[in-house]
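Take a look at the structure set out below.
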Amino acid sequence: MESRKLKILYGSQTGTSQEVAERFWRDSKRYYFQGPVLALDDYPVTQLIFETLIIFVCSTTGDGKEPDNMKKFWKFLLRKNLPLDSLKGLRFAVLGLGDSSYTKFNYAAKKLYRRLLQLGGVALLDVGLADDQHDLGPDAVIDKWSEQLWKTLGEIFPLPNGTEPLSENNLFSARWTIKILNTESENNDIEVSDIIWIQNCEKHTVSLEENTCLLTVKKNIRTTAESHFQDVRLLQFSNSKLIYEPGDVLYVRPQNSESSVTMFFDIVSENPKAKLNPYSLISVCETSSDAPVPEVLQRSLTLKACVKQYWDLNMVPHRYFFKLLSHFTTNELEKEKLEEFVSVEGQQELFNYCNRPRRTILEVLADFPNAAANIPLNYLFELLRPIKPRAFSIASSPKKHEGELHLLVAVVKYKTKLFLPRLGLCSNWLASLNEHCSAPVWVKKGTFRFPSALDTPVIMVGPGTGVAPFRSFIQEKVALNQARADLLYLFFGCRNHDGDFHCRDEWLTLQENEKLTMFCAFSRDQENKVYVQHIMKEQAALLWSLFSSQQASFYLAGRSDNMPAAVKDVLINDVACSCGQLSSEEASQWLARLEACGRYQVETWS
């Protein structure tokens, strides 16, 4: 069975596509396929013309963009000099993970599928379009699609007579072996951020390794009133190393709280045979070239450092977590419940238990104490996922704030049916940082490209923390003495003038000095709710004049809820149709042209 070569490649922004790709990789071993699972940008793309079988899994990020660790691969695939039969020897399958509430649902997967066909590739089956909005989540599509995939592969690559696929109920071998090097001293408590993340930060998330560093908190200011329901922070970091400009993004690698780390060891230490000493120095060792050890784990670290800064204890576990956990419990009631969660019939029950209330991995382990206490150390690396870095638009200009870098961060905290509120890992960690604390970070180019022409009007729509990149741009213009009220237009929205008007004094001063024209929507300060799209509608004539007479550029940043679509609707119906006298079709074409030439840019997040 030496010819059974299969590569599984993924493009993943938050880790979900990676997890699904690794699920396919584990399943492939049941059918005796051999080959690695890799991020698309970690794959040597020039070898693509020699491949015969690949499964692609990719998500879509932002406004229809490909994930960061897929960008180099996609750029290569778009080369015009690639022969249209260059992939004629490739059989492939593409699964997309997306959210149908986005206009460009699964756009990256659809584009990849079409491009592979254009280059002569042969599709094993239609592109799969998993949807977060489905009642049962993306698994509703993934399960059926993967079943068809393995059936198709079984027909094309049948197993030899007498050989059967391995049972899916078998316990899959752990990818790595773990050696305990030392358990004697608390001096082993090596900090991952100080030693590993900074030296060996993931290649596909940084352009230059020297652009990765520890930033020290200078100030951590709450910008919302104490009485306001949401805590929003303006974090000011001392910065002597990072080079950035307006529109750039800061990636932050957070860590688990001390209370979560303590709770983890309390849970897994119920079994004295486990011997999980927080200060044990461990080494992660490769067992197969199909599963290389990540660079960050290629040097010794303590188990506590791993728990605190590598594993994400706050994430909501996926179904495979429960399947794997079921192998370790010796308690019949636990086993019965875990197996129910994994079954087809138990998906609604699993959704109600886990996904709907956003129950974390740590809470699930606490609910299944027997299983948690019997997890072998090497299988913890299978159950627990690494903490993913979080991206924030930089909210300052280096020309205005020399030696500093600012972030505007909404602290995620909300209630579900569970007793404890749900806490966003990164935002709460950032909010907890005191002066002189450090955070491992790096800068990446954002998607916004601001005009270089000095006389181009810039229209910015940034409700809530969406105003962050525009604060950076406006500060830059002020520092260069290029800020004028007839060139800079900011539409800002929040709930209350006195509650969450971020950086209010700064904006009012700029308006007073005729450096900025600002329109504000305070949605809860009157009986009728008023949002940014409503005040844009009021200014439709001004907007059309700026677009048609002065070639203005338009930028939108904020949450990917109803707001982006509502803003787009105003631009088409009120600005272009009503004020510009265009038909609906002409207005849509007009906006498409603006987007194509970079005069309409959108940056959203969920």
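The backbone N, Cα and C atoms fix where each Cβ goes, and this holds for glycine too.
The model shown is predicted, which means the values in this text are computed figures rather than measured ones.
The FAD site in TrEMBL is built from R358, R390, A391, F392, S393, G424, L425, C426, S427 plus one of W544, W590, W605, namely W605.
S59 (FMN binding site) and R358 (FAD binding site) have their C-alpha atoms 21 Å apart, to the nearest angstrom. For S12 (FMN binding site) paired with A391 (FAD binding site), the C-alpha to C-alpha distance reads 14 Å.
According to DSSP, S59 (FMN binding site) is assigned to a strand segment.
For the binding-site residues given as G15, G62, the lowest number of other CB atoms within 10 Å of the residue's CB is seen at G15. Within the same chain, the residues at least 6 positions away from Q533 (NADP(+) binding site) whose Cβ sits under 8 Å from its Cβ are M563, A566, V567, D569, V570, listed in sequence order. Between R358 (FAD binding site) and S523 (NADP(+) binding site), the C-alpha separation comes to 28 Å. Looking at S59, S393, S523, the binding-site residues in this record, the fewest other C-beta atoms within 10 angstroms of the C-beta turn up around S523. Across the domain 'Flavodoxin-like' (6-150), the model assigns an average pLDDT of 92.
DSSP classifies S393 (FAD binding site) as strand under the three-state reduction.
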